[in-house]
Amino acid sequence: MPAIAVLAAAAAAWCFLQVESRHLDALAGGAGPNHGNFLDNDQWLSTVSQYDRDKYWNRFRDDDYFRNWNPNKPFDQALDPSKDPCLKVKCSPHKVCVTQDYQTALCVSRKHLLPRQKKGNVAQKHWVGPSNLVKCKPCPVAQSAMVCGSDGHSYTSKCKLEFHACSTGKSLATLCDGPCPCLPEPEPPKHKAERSACTDKELRNLASRLKDWFGALHEDANRVIKPTSSNTAQGRFDTSILPICKDSLGWMFNKLDMNYDLLLDPSEINAIYLDKYEPCIKPLFNSCDSFKDGKLSNNEWCYCFQKPGGLPCQNEMNRIQKLSKGKSLLGAFIPRCNEEGYYKATQCHGSTGQCWCVDKYGNELAGSRKQGAVSCEEEQETSGDFGSGGSVVLLDDLEYERELGPKDKEGKLRVHTRAVTEDDEDEDDDKEDEVGYIW
């Protein structure tokens, strides 16, 4: 009987051992070939991917970084090392963690790691632990500007670039501000060679063109506004305030002098600035500003248009004298000049006996050439030179002179000056407004 009890106990123990052995084998078989490392299990890896789809993993990452992330690029696209997937994975002692992309972490055997790296199958070996990150300065949580690194990857800040360089041991530098790729730097604008100072000839030509323009405006004004016998006295200018040049230049000066201080300030001169078409207009008026105060007085304005060397008839006479060199030029035409150096209205050729009419620049008037003497009306304008104002008056002054009567014994008109009232000025302004000039 005792022997039977011993055999029964032994049989029960053997059965228990068999059951436990099978249970352990079943557990071992479920672990797969990687014995004991559940992190290498495919089911666990799929769970990591599921976390990514559910947005659990990304909440630990930099939102501003992944906003610009391109999954098609390799992993060395400058992930934030502090958010590396391997930091959350703990491999067995004989394995090391590597990342296959920005969301997948794998535990790989150390003995298989080096051969796979040589073949290039593993993108990058990551840190065994966070010890390498201790020496790198972390970046503050603050909004910053994105930069492009020398490795061709975009970083959310310069600090992130430096952190990545520190943690990986790479030598990185900032190529440009903003995301990669860096746009080519625009070529520095080719500055046009600054225009050299205007020559005296250019200034004289410009002054001559401006005088012609002022003359045309003045002529149109006198043609449109015809003073009548009833309002002539009230509508004429007070000649005592006119500049020293009393032709179209004086008329233009008074048109520009809006505050009637006999000075043209820059705002008043700007009314005739044509920089786009006349690049020398500013140099012209700057050269006339003798006192360098930024304003033109009436004398400076008049002198501005009588630069020496700009007198057409006098220049022609000088040219003829140089050609003759003391010899008599028989049969040659010799022009007639006035005291200001411009052409007289009537010109005659002594050899042919023909006469014709010209303007002050010597241009012949069409149909005026005749055999013998011709009657040419003298110009109503002079060059604007000093002293020329006494011989020529404005058209509206001529109408006024006809009412005053004959000249005195010395041939001078008897002019009675009177003060200009505010009502007279208002009437004159109203007439000017009706014309509608465009300066």
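Keep in mind that glycine also has a Cβ here, set from the backbone N, Cα and C atoms.
Residues or ranges marked as disulfide bond in Swiss-Prot: Cys86-Cys97, Cys91-Cys107, Cys136-Cys166, Cys139-Cys159, Cys148-Cys180, Cys313-Cys337, Cys348-Cys355, Cys357-Cys376. If you look up Swiss-Prot, you'll see 130-182 marked as domain 'Kazal-like'. Positions annotated as domain 'Thyroglobulin type-1' by Swiss-Prot, on the basis of sequence analysis: 310-376. Taken from Swiss-Prot, the feature O-linked glycosylation site covers Thr228, Ser383, Ser388. As annotated by Swiss-Prot, region 'Disordered' applies to 415-439. The signal peptide annotation in Swiss-Prot covers 1-21 and is backed by sequence analysis.
Positions of the features from Swiss-Prot, shown on the structure.
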residue : record         : DSSP (3 states)
Cys91   : disulfide bond : coil
Cys97   : disulfide bond : strand
Cys139  : disulfide bond : coil
Cys159  : disulfide bond : helix
Cys166  : disulfide bond : helix
Cys180  : disulfide bond : coil
Cys337  : disulfide bond : strand
Cys348  : disulfide bond : strand
Cys355  : disulfide bond : strand
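Looking only at the domain 'Thyroglobulin type-1' (310-376), the predicted model's pLDDT averages out at 83. Comparing Cys357 (disulfide bond) with Cys159 (disulfide bond), their Cα atoms are 86 Å apart once rounded.
In the three-state DSSP classification, Cys148 (disulfide bond) falls within a strand. Nearest Cα neighbour of Cys139 (disulfide bond) among the listed disulfide-bonded residues (Cys91, Cys97, Cys355, Cys376): Cys97.
Take the CB of Cys313 (disulfide bond) and look out to 10 A: across all protein chains shown you find 21 other CB atoms. With respect to their backbone Cα atoms, Cys107 (disulfide bond) and Cys97 (disulfide bond) stand 4 Å from each other. The CA atom of Cys86 (disulfide bond) is located 22 Å away from the CA atom of Cys159 (disulfide bond).
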